[in-house]
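Per TrEMBL, the feature transmembrane segment maps to A:7-27, A:33-54, A:61-80, A:86-111, A:132-158, A:189-211, A:223-247, A:267-286.
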Amino acid sequence: MDFFVNLVIAAISSGTPLLFAVLGGILSERSGVVFLGAEGTMLIGAVVSCLAFVHTGSLTLAIAAAVGAAGAFGLAHAFLSVTLRANQIVCGLALTLFGTGLSAYLGKPVAGQALAVSMPRVKLPWLEPIPFVGPILANLDILVWLSFSLVIALYLYMYKTSWGLHLRAVGDNPATSDAMGLSVDRIRYVHVIAGSMLMGLAGAYLILVYSPNWMEGMTSGRGWIAIALIILAGWNPLYALGGAYLFGGLDALGFRLQLMEIGIPSYFLKMLPYIVTILVLMAAGWRGRNKPSIEPKALGVPYVREQRF
Amino acid sequence: MKKIVLTMLVLTFALMTACSQASKPASPSSSPNPSPSGGASASPTAKPEGELPKVAFVYIGVPGDGGWTFEHDKGRQMVEETFGIEATVVENVPEGPDAERVFEELAQDHDLIFGTSFGYMDPMYNVAQKYPDVKFMHATGYKTLPNLATYQGKGYQPGYLSGLAAGMLTKNGKIGYVGAFPIPEVIYTINAFTLAAQSVNPDVEVSVVWSNTWFDPATERQAAISLLDQGVDVLANYQDSPAGIQAAQERGVWGMGNDSDMNRFAPETYVTNPVLNWGPYYVDVVQSVIDGTWETHSFYGGFKEGMVEIAPFGKNVPQEVKDAVEAKKAEIQAETFDVFAGPIYDQSGAEKVAEGAALSQEDILVMNYFVKGIKGTIPQ
């Protein structure tokens, strides 16, 4: 029992940065803009957050700085891909490379410096007696609770409000949305920027909670995993929760299986999260093969009024 | 019009990206000195007879890693202070074709080049053959040439001392070790660690998980937590990042890192850990080049040679532990105690080293089994 409780707690802490990034990616992609800059944006979020914390000592400012810097990245991506209608894949890759290099440069003065930071935790002692769920939920930090509420808020926003309907309409059929009187460009700008802000939050979580000292390239590929998880989640915030924790949980499970000495090589266990992600993607693809695609139909296509594709 | 603006913007981005990528390995972090032997920056302390050599260092990471490269860079600073020269530094050089290019460029205008990662072995070997007049120094490798020497610290000696402290500090006899990669360097350090812990606490059990990373804080933290959840009360880590000892401190568990003093990352629960001290050796090597006495060699430095050390103890480590470790260190230094003296049994209980015998340096360097008392497997 303890084994599973500990595993779920480990899955949550490892999955939370992924969850923020996946939610951000969903927002951007639902408006029809592919955002491959996740890795670079997370790194920028992390390094700016670290610098802000070192200079001000304030957690709120550190988080705000990460969100702001990542928002600027989102603005750049929106400008390139929406206003200038550049190839979104290329812009995203450029942002990732740029973010990786820039974060390494900005991080030089604080590299290897330990941050004396502790994220406030939400203590709910009255939950403890509930078996299994109690010990998991009783002592989580506030950013985890923020991620929970974001999942629900984004779900309600996307499926239960007219703004959400507009968002999905722009992602599926910008020409019709335009004819309806919606501003395609404005909606795309807002969601790309909001999405990249969430990716910045993912970077802030990494450095402020998960591993409190800046190291070059500390995301080590988590941005790319987040992009795969967007597809796994079918662009739905609720499934994003499952996808992020599935990945985080398998990540944690690998080490636990090593300790059980069941004879599976550690190299193989390290592949486990990736293999399962591929399998789940295949299974989802197989089940949905006769149904209409759930992908936003205008994803990756710049919108030009009056132009037919 | 828009197309032109767009093209220009994308080009600018591409250029910025290219620069941020390419300029890292290519531009030395400490300003490249066109004439280090010019005498303008000559040191007041040492004024050797011969002309001062032009020295270069190639790093796998950045000095800010707080671990492996950090310690090499301290050695570089010691060389610069001793001889009043300014060394060329190239950071973040990946192992592979890039490394070969970097070594080749450096070889054209340097006399002595240090490469500080195992994976530079073949690039250095190739370049050394092309530049017989340049001296190459490769850390942790095993290929030598008349102008390519290797050097390595006996990490198992301070590893043994960390294990001794761990054995004394554990209350429940459960110790965790997050290994980096299942290679001899890591395996013999974990073995030495375990033998020491058993010497003070025969029932101690050391659980090992492999992170298969040198530097991925998030993964290493996850590996550490898997051990902490098993209830270990001392946690050692072989990686360069402090993620493991930070996770240990959150649970109030004793933590040990590797390569460098990591006190600042977990001031409450830090114990100590092996530290590699390259400076004195680097100074000797540069001096021998100046004197013209440099010859190829394979150097293994322990406490006696001053190449390994243990980090300052954490503030909460009990005095008796410190005393025991210091006493054992003196024995190792005086060579009255051998870390790998028999009897040593492997995990299956088979005798690997008989009573009265000890492992030779060659045997240690190819160690591929865990000793009895370790819970964990080495992937074959």
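Placed from the backbone N, Cα and C atoms, the Cβ positions cover glycine too.
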Stretch-level contact, the transmembrane segment (A:61-80) and the transmembrane segment (A:86-111), CB cutoff 8 A, at least 3 pairs: yes
Contact call for the transmembrane segment (A:189-211) and the transmembrane segment (A:267-286): at least 3 Cβ pairs under 8 Å, seq gap 6+: no
Leading stretch by Cβ pairs under 8 Å, where the reference is the transmembrane segment (A:132-158) and the options are A:7-27, A:223-247, A:267-286: A:7-27
For the transmembrane segment (A:223-247), sequence-distant contacts whose Cβ falls under 8 Å of one of its Cβ atoms, 6 or more beyond its ends: 8, 11-12, 14-16, 18-19, 21-26, 29-30, 35-43, 96, 148, 150-152, 154-155, 158, 199, 202, 273, 276-277, 280-281, 284, 294-296
Same-chain residue ranges lying at least 6 outside the transmembrane segment (A:267-286) that approach it to Cβ under 8 Å: 225, 228-229, 231-232, 234, 246-247, 250-251, 253-255, 257-258
